[in-house]
Amino acid sequence: MKKLHIKTYGCQMNVYDSERMIDILRPLGYEVSDVADGADLVLLNTCHIREKAAEKVYSEIGRLKELRGEKEARGEGRMTIAVAGCVAQAEGIEIMHRAPAVDLVIGPQAYHQLPELIARTHRAKGERLAADFAPEAKFDALTSDRTVTGPTAFLTVQEGCDKFCTFCVVPYTRGAEWSRPVAAILDEAQALAAKGVRELTLLGQNVNAFNGVGSDGQPSTLAKLMYALADIPGIDRLRYTTSHPNDMGDDLIAAHRDLGAAMPYLHLPVQSGSDKILRAMNRKHGRQAYFDLVARIKAARPDLALSGDFIVGFPGETDKDFEDTLDLVRQVGYASAFTFKYSPRPGTPAASMPNQVPEAVMDERLQTLNALIIEQQQAFKATLVGKTLDILFEKPGRRDNQAIGRSPYLQSVYVEDARHLIGQIVPVRIVAVGNNSLQGALLETVSA
Ligand code: SAH
Ligand code: SF4
Ligand code: F3S
């Protein structure tokens, strides 16, 4: 067996892609190794979203070069170094110049060609295969037979983005919006369900813009797709990410009311609470529209909780604009949120906008926003104490016979004497709140 080590950066879509690359390489005799040391092939599945994420790749390549030298000195043959993902797409040629140790560069829409490319790199080093943004060919080349690692799975249903937010590289690294056909998604979901998967997280850069062709030849919607998926025996929970506020269709909102499998937890990034900044970001909606949307979603599903993404320090953001963001967060109330300092990205319009915000100001705003979010997160968790929630048990915990599951709101829940329930969805009473988790207890009827 040859050893394959994959390091994944960035979003869940990259996590999905890494799993699929493992599936593609397994028939070639590769088995996964948790460490890069001694690996025959190291794949870096990279992210370009912020400067820090992209720069990490280069320091990692430096480290790999040393491991490669040691491996060769031990007489164990060569370590092939491959860069995949969004940095590969955005900086393909540059990587070859900056890091000659890299053997091959492969974009996110081309990784189904990995076996052929790896065979070729053994003859000629330094090939670059950035994709022509044809996700169709990639998905056609992948089988629906996947390796599963537990009762939850990611399933990519949509790729790319046409929104062109002025700060964001995704439209350039992943190409235009494209949705997989419904039949192909159902096939993949059925195969996953047959292997014990109970919960699917549907992935797309703009997943609620999903419009894959349905069995009637007409474009479907995410809501219709969710109904079809929920009909598959075994599939009991559905999530999706990331959604754009402008693509929250009425049928999707209604699905949160009517479809039991739709989890009451929604990632709905708004980025900023200032109308001026939202306009400069090209988000194509204002703060009031977001409030109205949240109100409609909560009317459909009162127990739904929200998570979000926020950027502080977008060019031109004043103290007043930042106050507007804090005010939005206070009014909406989040169960969780990701917060980022604005990072200028090459080729995006915002990078050349005037009034870039000094680092120190961004640091301060980030701290203030994080403090508010953490407060809301803890407050939300506290509301769950004493309630009974359905928990999907995923894996053993550290303690004897303890199991760790997920609440409908994605929190980890630790429960004693529950190991025999892994893979099942079971009602659990929440008894305490931890920093990053909840503690639960089985109900009498279940534990007996
Ligand atoms: N498709 C998703 C976002 C993908 S990027 C969406 O539209 O929400 C994930 C998050 O990274 C974004 O929501 C944004 O908050 C953040 N982000 C993107 N570009 C950024 C940049 N240049 N600087 C800082 N944060 C950024
Ligand atoms: Fe980036 Fe905006 Fe598209 Fe999200 S919607 S991927 S933030 S351009
Ligand atoms: Fe990063 Fe690419 Fe995802 S840039 S966030 S890995 S789509």
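Using the three backbone atoms N, Cα and C, a Cβ is placed for every residue, glycine included.
Annotation source TrEMBL lists [4Fe-4S] cluster 1 binding site at Cys11, Cys47, Cys86. Packing around Cys47 ([4Fe-4S] cluster 1 binding site) is summarised by its Cβ count: 21 other Cβ atoms lie within 10 angstroms of its Cβ, all protein chains included.
DSSP assigns Cys165 ([4Fe-4S] cluster 2 binding site) to coil in the three-state reduction, outside any helix or strand. Annotation comment: TrEMBL describes Cys161, Cys165, Cys168 as [4Fe-4S] cluster 2 binding site.
Positions annotated as domain 'MTTase N-terminal' by TrEMBL: 2-123.
Under the heading domain 'Radical SAM core', TrEMBL lists 147-379. In this model, the domain 'Radical SAM core' (147-379) carries an average pLDDT of 97.
Across the domain 'TRAM' (382-444), DSSP helix (H, G, I), strand (E, B) and coil residues number 7 helix, 32 strand, 24 coil. According to TrEMBL, the feature domain 'TRAM' maps to 382-444.
With a cut-off of under 6 Å between the Cβ and any atom of ligand 3, the binding-site residues Cys47, Cys86, Cys161 reduce to Cys47, Cys86. Mapped onto DSSP classes, the domain 'MTTase N-terminal' (2-123) shows 64 helix, 25 strand, 33 coil.
Checking the binding-site residues Cys47, Cys86, Cys165, Cys168 against ligand 1, the ones whose Cβ sits under 6 Å from it are Cys168. Between the candidate binding-site residues, Cys11, Cys86, Cys161, Cys165, Cys168, the densest Cβ environment within 10 Å is the one around Cys86. Selection of the binding-site residues Cys47, Cys86, Cys161, Cys165 by a Cβ distance under 6 Å from ligand 2 yields, in sequence order, Cys161, Cys165.
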